[in-house]
Structures are given as structure tokens and as C-alpha cells.
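Noted in Swiss-Prot for the protein shown:
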DOMAIN    20-98  domain 'PAN'
DISULFID  Cys49-Cys73  disulfide bond
DOMAIN    103-181  domain 'Kringle 1'
DISULFID  Cys103-Cys181  disulfide bond
REGION    126-145  region 'Disordered'
DISULFID  Cys152-Cys176  disulfide bond
DOMAIN    184-262  domain 'Kringle 2'
DISULFID  Cys206-Cys245  disulfide bond
DOMAIN    275-352  domain 'Kringle 3'
DISULFID  Cys324-Cys347  disulfide bond
CARBOHYD  Thr365  O-linked glycosylation site
DOMAIN    377-454  domain 'Kringle 4'
DISULFID  Cys398-Cys437  disulfide bond
DISULFID  Cys426-Cys449  disulfide bond
DOMAIN    481-560  domain 'Kringle 5'
DISULFID  Cys502-Cys543  disulfide bond
DOMAIN    581-808  domain 'Peptidase S1'
MOD_RES   Ser597  phosphoserine
DISULFID  Cys607-Cys623  disulfide bond
MOD_RES   Ser688  phosphoserine
DISULFID  Cys699-Cys766  disulfide bond
DISULFID  Cys729-Cys745  disulfide bond
DISULFID  Cys756-Cys784  disulfide bond
Amino acid sequence: MEHKEVVLLLLLFLKSGQGEPLDDYVNTQGASLFSVTKKQLRAGSIEECAAKCEEEKEFTCRAFQYHSKEQQCVIMAENRKSSIIIRMRDVVLFEKKVYLSECKTGNGKNYRGTMSKTKNGITCQKWSSTSPHRPRFSPATHPSEGLEENYCRNPDNDAQGPWCYTTDPEHRYDYCDIPECEEACMHCSGENYDGKISKTMSGLECQAWDSQSPHAHGYIPSKFPNKNLKKNYCRNPDGEPRPWCFTTDPNKRWELCDIPRCTTPPPSSGPTYQCLKGTGENYRGNVAVTVSGHTCQRWSAQTPQTHNRTPENFPCKNLDENYCRNPDGEKAPWCYTTNSQVRWEYCKIPSCGSSPVSTEQLDPTAPPELTPVVQDCYHGDGQSYRGTSSTTTTGKKCQSWSSMTPHWHQKTPENYPDAGLTMNYCRNPDADKGPWCFTTDPSVRWEYCNLKKCSGTEGSVVAPPPVVQLPNVETPSEEDCMFGNGKGYRGKRATTVTGTPCQEWAAQEPHRHSIFTPQTNPRAGLEKNYCRNPDGDEGGPWCYTTNPRKHYDYCDVPQCASSSFDCGKPQVEPKKCPGRVVGGCVANAHSWPWQVSLRTRFGTHFCGGTLISPEWVLTAAHCLEKSPRPSSYKVILGAHQEVNLEPHVQEIEVSRLFLEPTRADIALLKLSSPAVITDKVIPACLPSPNYVVAGRTECFITGWGETQGTFGAGLLKEAQLPVIENKVCNRYEFLNGRVKSTELCAGHLAGGTDSCQGDSGGPLVCFEKDKYILQGVTSWGLGCARPNKPGVYVRVSRFVTWIEGVMRNN
């Protein structure tokens, strides 16, 4: 069984001024290599381990791994190109970039890739061989030139680039066709451009990707870890014809950059397919009809649709004829259509080797489900967990079990048919300590999931808990339990999960250690031999053990029970249906407990709203246009059915209305009496001021609005929608510049899912770490669930200061 890691606080080791050597490495948390040629050494830090790798003389060190708690360094001759990556707990794998790269910089003097054929297709002779050609350059005469195997190299600094002696007796040597690295130039559309150009075509300075000034945006580096959004360098994260950036000019949001094209052929993009695999970016079949039966327009044509997805702008995307393709990272192949009324549509491409996943058929007439009042949790070690959580303890999105990107692995549905490896849901296929998943972050191979163990009663229908008011900030109780990952735990447990006594933190027997001691971590509570979590390990409190053969282990410290209901944490797990309020699904009853039905004084539902505190509801300003009098409105809380209201529903009058002073489509309602917070009525959390939701974040809308003939009318429905970055949403083919910076877009561009009339004012919530945060108020759209016309929502974070001021002063 493979082992796994927990997130390491690398900042503990990356001291200022000492991190430069590590810039030459790619690091992956929670990963190890099957290595044959290796050395195991002791090192006090990651930098010390890197130095040992650089100093190694007996073999070429291409990678090393560092165990933080054990202070163990393993240097290795292999890397991911010659070995298999596995998961391992408490390990970070560092691989030298130069040995992973298959491109050259300049004349390729430092090229260390594995190309072993010349540009004329002749196999290279081994550098250590003397047949058929006696070499002038060999590993013995030039030991620092990387003359391994028969790989192309440039030991003599030849201006024409890497070369090799050939296995053809008639040709002593030949040059190799190594593509240029995308540092000074770009291949294709610059999706992999890695250079440092930071000015636009017109000479404007680029805004840093991690800055929200002068332009707020959703391309947040931590949310797009595979897009290399460094500093203010030009990049192409969204399928434009070439790299671009946001500018430092407040009057110019973004502009393309002038990156020259590389003169060498681009690297191979991998195998191509005649069927649909993944999102179809490598589909090269001949389907030329959309899902609605429209004929595709030729990519080189500009009639009837004018566009910039041309063969010239996307030279590597094989935009031949009018065949369906995916040149810009959409969710599936598509094309512009020859119907002037339909700009573009997705295509129906047969899947490679598997039938489409069937979706659950939902009964629109079914009564509200009697769902247990429980949080999503797991029993035992979680091998039986079959929930839909897909977020790790640090908030990272899980990689699909059937995907090999960004992490190649063997934990597939085919290899583990009984493990429930569906979509990207958290699972425990290998009997680990709890559910986990591979992450979509290339630098973090896997993490445990943001789930808690079920208590004795969770998982079965239980009586509703007592009614309580909203909590103040939680403080640890005297009970021996922990909050979160237990970094603040100061209890007196001193045995591991296996019952082994802990070694005292100040002791050096049986295990020597220097990083986690009372002297180095005086505020971490490292007293006696008590379980602690000084490094914020997401696995929870741990200790060095008194077993000489077991360096450290985790402790079994339970989570503290919350004494009240926290904002954004429903007591019923939402369904989170992946389907396309039009085209969504009926929600689990009371799984969105902040949902408000805004009604006329006669009881007619006409808008949605969101409970944000016991006395306050947030809604859209346009919902209040018919009357400025609070007495015209009332709110319904805790409802699942629109008409036949359940007995527990709370009906409260509105005492005051507050419209946003700059006329944004957002308003506050003060209730005549505070709502009673129960398991069915819980506020949503507000975001941080000016927080920007990253593009492609999956969020949820809910409401009773118009369903346009789809199922579930009269019951609360939900739909999952991706946020669309405003830059994309404002493209000509979508909303054509209509979306303001105080608004956000969300929706499926193919249509079929949207909020409609009657959903106005309702919530768009996004899951962040362990709770749902209100990021949007349903505002407007061009039609309802139309293709290419996503819904528009007021960006709540831009108005948090106003919201809090109104609530505080009234």
C-alpha cells in the first residue's frame, strides 16, 4: 500500500536569501519515487538536502525527497521520466527542472533531455561507445557535459545546437531537432509560455497576477496552479490567441502581449484521438455537426460568424475544414455554426471506450426528502464513504479518479471497482486513515479531504437539535478535543492511534530531531510528551513515538462538538447535483438553510433572498421596485415547498428597506423580529471585502423560480454553475462588455442551467474550505438558460463594507 503525505509548511525551511537553489527544482508534496540508485542521508533542512544532491559524485542526482519530521534526505538518480511516482506521507519530492525539460534554451548547451534521434531520424550512438564511431567527446573526457546513454547533447557549445554521434557508419554525427523552450519565444498560442516579458503590445506595464489593483480579476495564481501565473509576466490562462496580461492602466483592463513565435517545431502535445477523451483538446476526428444539428462553419471563414479562432491564431490546434475542435480549453469540442442566429455550439463526439455517465433521474413530483439532520461525515477509516465532498483540508479541488492530469496514478475505477471512485469525490480505496484524493494542483499530489468522522448518532435520522442563537467566536473548552487541524490543541493525550506512548518533545531518544523542540517552537505548546501539531499538519496532532522502529505517528484526538450553528454550514448535506434552477435538480430539503422566499403581504412568492444574520436579509434592489414600503413585504424562512408550507417555517415581517446608495442591484431588509436559528434556518457567511472569486470556481444557485417546463416546480431547486471570469464573459459572443466590475458571471455556456424570474435576489454561494460563502446576488441575464448568455450576479464582496455599516448602525 502506498503511503501519503500531509501538507508541509515549507516556509519553515525556505528562509529569506536561502531559497534560490530550490528555484531549479519542481516540487511535489506527498510524492516519492521508486528509486534504484539512491542514498539516504540526514539533513536539517530542505536546502541542506539540495546541497547534498548537487555535491553527489557517484551518480547524477536528478531528484531528492525530504521527510520533514524525520529530517531524512534521499537523493536519487531517477526522476518521473525514468521511474514511477507514488504517494508518501510527510514527504516533498524535488526534481531538477533541467532533467525534466525536453526543450533547449539558446544553443542547448545545458539541454539534459532524452531525445536520442537526429533530425534525419537516425538513432544516436551511446557516448560511452566506440562503435561505429570513435568519439572525441565521452563521459570520461567530459564528465560535466551530461553525456549519458545516447541522448542528444552539445558538449562543444555548437551554435547549431545539440547533436550526437550516429549509429550509421556513413554519418559520423548529426544534429537533433530539439524545440526551443518558451522563455524568449512562444509555440502555438503561448499556453506554455514561461518567459518574463511583462509589457503589452502597446507598451503598457502588466499588473501582477496576485494583485487586484487597478483591476480586480478572477485569475488568482493559487486557484490556477498549472497556469504559471508568476509576477506580472504575460501568460495565456484562458485560450486567447497569444499571451496577455491585465495592465497597470486603470483605463485599459487587459491587452495581448507581443511574444515572438519560436522558429523550431513545437513539442508534441501527446496522442490524438478520433473519439472524445477528457475535454477533447486532442480530438482530431471529422465530426462537423453540433448537438442541435447545425453544420459547422469553416475555421478559416468569417461568414456568418466573425471570430479570432482561426488556423493562423491557433496553429497547433488542427483547425482543419469545419471539424469540431477545442482550441481554447472549453469543456468539449465545439464549432461556430453556419446558422447566423446561433453563433456556436458544442458537438456530440463519441466517447473513447466508455459510455457517458448516466445521471440520476429525479422525480419532479416527489415530496420533500426526509434527509437526516447530519453533516457530511465518514465512519471508521472512511472506506465506506460514498458522499459527494470533493475538497481537501486546504481547500484544493480533487482530481477526477479517471483522470491522469495533473497526477498520473493507478487508483482508477478499473483497478479499484469496489471503492466507489466516482467523478472526483473523496474516497479511501487503500484503507488509509480517512478519505483523500489527488488534487488539481500539480505541486500537491494528494491531500486528505475536508470531512469529519461521524459521531455515534450521525448517519441515521435523529431528532432535531435544540434551537440556539448564532455563536460568538469558538474558544476551546476544557474537554480533550480539537478544532480544525488541532494546531491549537493543548490537551494531555500522549499516545498515538496505535496506543504507543509519545516521546517527550525535549528528548532525543529513541529519535533524534531538531526542528520541533520546545526551544525552536516555544509557542507550540511542546510540553512533556503531549500530542501536538506544531507544523499545522492537516492529519492533526502527532508525536515522536517511544518505539525505535516508528519515528512518529498521529494521535486520535476527536473534534470538539460545536455548541451552535455556524454560518455557511448546513446541517443537511446538499445534493450538489452535477446536472445542468432551469435544468438543475430538486434540492435536499433544508440543505440550503439561508434561502429566503421574499413574498408580497398576501403571501405570493416573487423573489429570493439570503439570510445573513438573524435580523437581516440580502436581496436584489430590483425586487423592491413595486413598493418602497416595508409593510408590502414579508419573508419565509426554512421552507422547501413554495406553496404548501411546512409547520416549522418562520414567517417574519419586514421593518426597514435599505437600497445600495450607488444604485447597485442589491438591498438589505431588516426583519421585524430576529429569525430563530435552527437546523433549518442558518445564515450564509459574507465574503471578505473586495474578495474576487476565481474563474471556473464551482458555485451553487438555489430558488423556486420559473422552471420553463422542467421538473421540480414548487420545490426548492439547486444548480451547480462555474464562475466565468469577467474578461471572458465580456467577449463579443457572450455578454459583449455589459458586465461591470461590481458584478460576476456564472453559468454553463451551452445553456440549460440558469436562475430565472422568481430567483432574482437569491443566493449564489461558493464552498470555501469548510463553509458556503455568499458571493453573488442573482441580478439579471439575457433570457433564461440561453446558450452563450450566462447569468449575472451582484458581486457581494464589493458591498460588504456597506452591508456591515448598515447592520451596525441600524
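Glycine residues also receive a Cβ, built from the backbone N, Cα and C atoms like all the rest.
Shown here: features listed in Swiss-Prot, placed on the structure.
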{"residue": "Cys49", "record": "disulfide bond", "Cβ contacts under 8 Å, 6 or more apart": "Leu41, Ala43, Phe64, Tyr66, Cys73, Ile75, Phe94"}
{"residue": "Cys103", "record": "disulfide bond", "Cβ contacts under 8 Å, 6 or more apart": "Tyr111, Gly113, Ile178, Pro179, Glu180, Cys181, Glu182, Pro267"}
{"residue": "Cys245", "record": "disulfide bond", "Cβ contacts under 8 Å, 6 or more apart": "Ser198, Thr200, Cys206, Gln207, Trp209, Asn232, Tyr233, Cys234, Arg235, Trp254, Glu255, Cys257"}
{"residue": "Cys324", "record": "disulfide bond", "Cβ contacts under 8 Å, 6 or more apart": "Tyr283, Gly285, Val287, Ala288, Thr290, Cys296, Pro333, Trp334, Cys335, Cys347, Ile349"}
{"residue": "Cys437", "record": "disulfide bond", "Cβ contacts under 8 Å, 6 or more apart": "Ser390, Thr392, Cys398, Gln399, Trp401, Asn424, Tyr425, Cys426, Arg427, Trp446, Glu447, Cys449"}
{"residue": "Cys502", "record": "disulfide bond", "Cβ contacts under 8 Å, 6 or more apart": "Ala494, Thr495, Thr496, Asn529, Tyr530, Cys531, Cys543, Tyr544, Thr545, Thr546, Cys555"}
{"residue": "Ser597", "record": "phosphoserine", "Cβ contacts under 8 Å, 6 or more apart": "His605, Gly608, Gly609, Val635, Ile636, Ala639, Glu642, Trp704"}
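In this structure, Cys73 (disulfide bond) is part of a beta strand by DSSP.
In this chain, the domain 'Peptidase S1' (581-808) lies in contact with the domain 'Kringle 3' (275-352); the count of Cβ pairs under 8 Å, excluding pairs fewer than 6 apart in sequence, is at least 3. Closest in space to Cys607 (disulfide bond), of the recorded positions given as Cys152, Cys176, Ser688, Cys729, Cys766, is Cys766, taking the CA atom of each residue. Rounded to a whole number, the C-alpha distance linking Cys729 (disulfide bond) with Ser688 (phosphoserine) is 23 angstrom. Cys73 (disulfide bond) is surrounded by 23 other CB atoms, counting those within 10 A of its CB over all protein chains shown. Same-chain neighbours of the region 'Disordered' (126-145): 153, 155-156, 164-169, 172-173, counting only residues six or more beyond its ends whose CB sits under 8 Å from a CB of the stretch. Note: the stretches the domain 'Peptidase S1' (581-808) and the domain 'Kringle 1' (103-181) are not in contact (fewer than 3 CB pairs below 8 A, sequence gap of 6 or more). In this structure, the CA atom of Cys766 (disulfide bond) is 50 Å away from the CA atom of Cys152 (disulfide bond). Other Cβ atoms within 10 Å of the Cβ of Cys729 (disulfide bond), summed over all protein chains shown, number 25.
In the three-state DSSP scheme, Cys449 (disulfide bond) falls into the strand class. Rounded to a whole number, the distance between the Cα atoms of Cys699 (disulfide bond) and Cys745 (disulfide bond) is 11 Å. For Ser688 (phosphoserine), the same-chain residues 6+ apart in sequence whose C-beta sits under 8 angstroms from its C-beta are Ser797, Val800. A helical conformation is recorded for Cys729 (disulfide bond) in the three-state DSSP classification. Secondary structure by DSSP for the domain 'Kringle 3' (275-352): 0 helix, 16 strand, 62 coil.
When the region 'Disordered' (126-145) is classified with DSSP, helix, strand and coil residues number 0 helix, 0 strand, 20 coil. Counted within 10 Å of its Cβ, the other Cβ atoms near Cys543 (disulfide bond) come to 27, all protein chains included. There are 22 other CB atoms within 10 A of the CB of Cys699 (disulfide bond), with all protein chains counted.
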